[in-house]
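Below you'll find the structure, written out as structure tokens, and then a few comments.
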Amino acid sequence: MARYIFITGGVVSSLGKGLASAALGALLQARGYKVRLRKLDPYLNVDPGTMSPYQHGEVFVTDDGAETDLDLGHYERFTGVSATRADNITTGQIYKTIIEKERRGDYLGATVQVIPHVTGEIKDFVLSDPGPDVDFVLIEVGGTVGDIEGLPFFEAIRQLGQELPRGHACYIHLTLLPFIKTAGEMKTKPTQHSVKELRSIGIQPDILLCRTEFPIPEGERRKIAQFCNVRPSAVIQAMDSANIYAVPLDYHHEGLDTEVLDVFGLLDQAPKPDLTRWEEISHRLSHPDGEVNIAIVGKYTGLTDAYKSLVEALVHGGVANNVRVKFDWIEGEAFEKDEDLIAVRLANVHGVLVPGAFGERGSEGMIRAVQFAREHQIPYFGICFGMQMAMIEAARNLAGIRQASSTEFGPTSEPIVGLMTEWTRGNEKQVRAEGGELGGTMRCGAYDAVLAPGSRVAEIYGSTAIQERHRHRYEVNIGYRERIEATGLKFTGLSPDGQLPEICERADHPWFVGVQYHPELKSRPFDPHPLFASFIGAAKERSRLV
């Protein structure tokens, strides 16, 4: 039977529970254990699909089409285990399920309550089949202890601690140790009060993971242990790391995996960890041969968490080419307000990337960025919205279709990009009506694509058959293919039925590729996505020229 590790947070949000969970999962894997990571999100949205990126950050899409929390991206990148819709649940999903059951009469007239019905759904999710031979299931609870929204989740994991066999549950609490510079002191009171709140719910943490800017003095460690009722060795220091891929090494050095195994009584029989690959990647990130500067011209650049997987995929591409990747974040709107700014910001970059986005705001600036990259032979990578902008740019400036636009921006006589109303998933036809609901209506998840033999992308992938994850409502209009291809922008990747353009590229350019899907979602530190490795390789080549 699998053992369960519950990771909670206190004091403030955004301390890094997702990263801590992923790092612990990687450490357990390094000892030969099989792991599965899951996330409980207390918000009332059914999923983050319709949430603002500024509110939630990136929406991470799984192979089976679930729109999930960005922490699942950390889980996949650190463990290599692909997540599914069974690995993320929200209060909105739980309430939706309960109300549907109540309307069907499944509760046989009982009064539906938070306990036992809501907590029961949470426990069912936690205990649902993690897969064959899984040794540890790591459950991250979103938010912080004391949040009203989180109370049913904390109650559910408290109950599970009593219901699971003895020695099959471990509680880790991530907290903050602020350093007051004016006093020159590290303060433990916030941690003490956070643990007090957790214990008032009925949960005694086994391990405290303490985020801190400075090393924890031994006296403070003993003080925390005494007041929080844990052993001093279970007060784990979690300082900022040089890069996130050094976090597993740092946590191992502090003894996190050792303490977890000790809680389960497995320390004496646990295999020694093999952290070789983590040491290698950490070394490569710390000792690059060079540096490339990538301009990301987007819509949500004010919050880099909106592009979390994209940033990591570019870092992975840098690892593949042994270079450090620097980011120049640019709002598309900036190029609309000041055209002269384009040359100032882009002339000396080594690559231009336009990522996914929704809506018209900033689109004209992104189109101008595409044009500049094309005309000045700067490596260009367009992802989802970025591919659509490349198509519109070619249509307007090279094919003479001056009114070329997207129906996402409003009515147009030349819909180069239009709303998808039908597509195929497996053997089922998916249909979306004009003006329908937004939630859960996109073309999401893994879909096949066929690449043109001899094309650049076929060479990059080493295959003409690929499968990538998508998240979009709008698609390039295949009816414009002949006119756009006449400009040199070739459709070199299509859906298996030949109706949906998936990839475009230019042969008359050092590196110019647009893709309708999101390759960043499948990139891993130890297996960089080939498109990102190739793009950064082209940027590295340009860095030698400018």
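All positions are counted from 1 along the displayed chain.
Including glycine, each Cβ sits where the backbone N, Cα and C put it.
Residues annotated as region 'Amidoligase domain' in Swiss-Prot, with sequence analysis given as evidence: 1-266.
Within 10 Å of the C-beta of Q192 (UTP binding site) we count 16 further C-beta atoms, all protein chains included. Secondary structure at Q192 (UTP binding site), as computed by DSSP, is helix. According to Swiss-Prot, the feature CTP binding site maps to S13, D147, I148, E149, K187, T188, K189, P190, T191, Q192, K223.
Marked as UTP binding site by Swiss-Prot: S13, K187, T188, K189, P190, T191, Q192, K223.
In this structure, F385 (L-glutamine binding site) is part of a helix by DSSP. Listed in sequence order, K299, V354, P355, G356, A357, F358, S363, M366, H472 are the same-chain residues at least 6 apart in sequence whose CB falls under 8 Å from the CB of F385 (L-glutamine binding site). What Swiss-Prot lists as L-glutamine binding site is Y54, A357, F385, G386, M387, Q388, E408, R473.
Take the CB of C384 (active site, nucleophile) and look out to 10 A: across all protein chains shown you find 22 other CB atoms. For C384, the entry in Swiss-Prot reads active site, nucleophile.
The active site annotation in Swiss-Prot covers H518 (among others). H518 (active site): 25 other CB atoms within 10 A of its CB, across all protein chains.
As annotated by Swiss-Prot, active site applies to E520 (among others), with the evidence given as sequence analysis. Less than 8 angstroms from the CB of E520 (active site) sit S309, L310, E312, A313, I383, H529, F532, each of them six or more residues away in the same chain. Taken residue by residue with DSSP, E520 (active site) is part of a helix.
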Rounded to the nearest Å - Cα separation of T188 (UTP binding site) and Y54 (L-glutamine binding site): 31
R473 (L-glutamine binding site) versus K189 (CTP binding site) - Cα distance in angstrom: 49
Diameter of the UTP binding set by C-alpha atoms, the set being S13, K187, T188, K189, P190, T191, Q192, K223, in angstrom: 24
Separation of alpha carbons, G386 (L-glutamine binding site) and I148 (CTP binding site) (Å): 40
Nearest of the binding-site residues (S13, K187, P190) to G386 (L-glutamine binding site), judged by Cα-Cα distance: S13
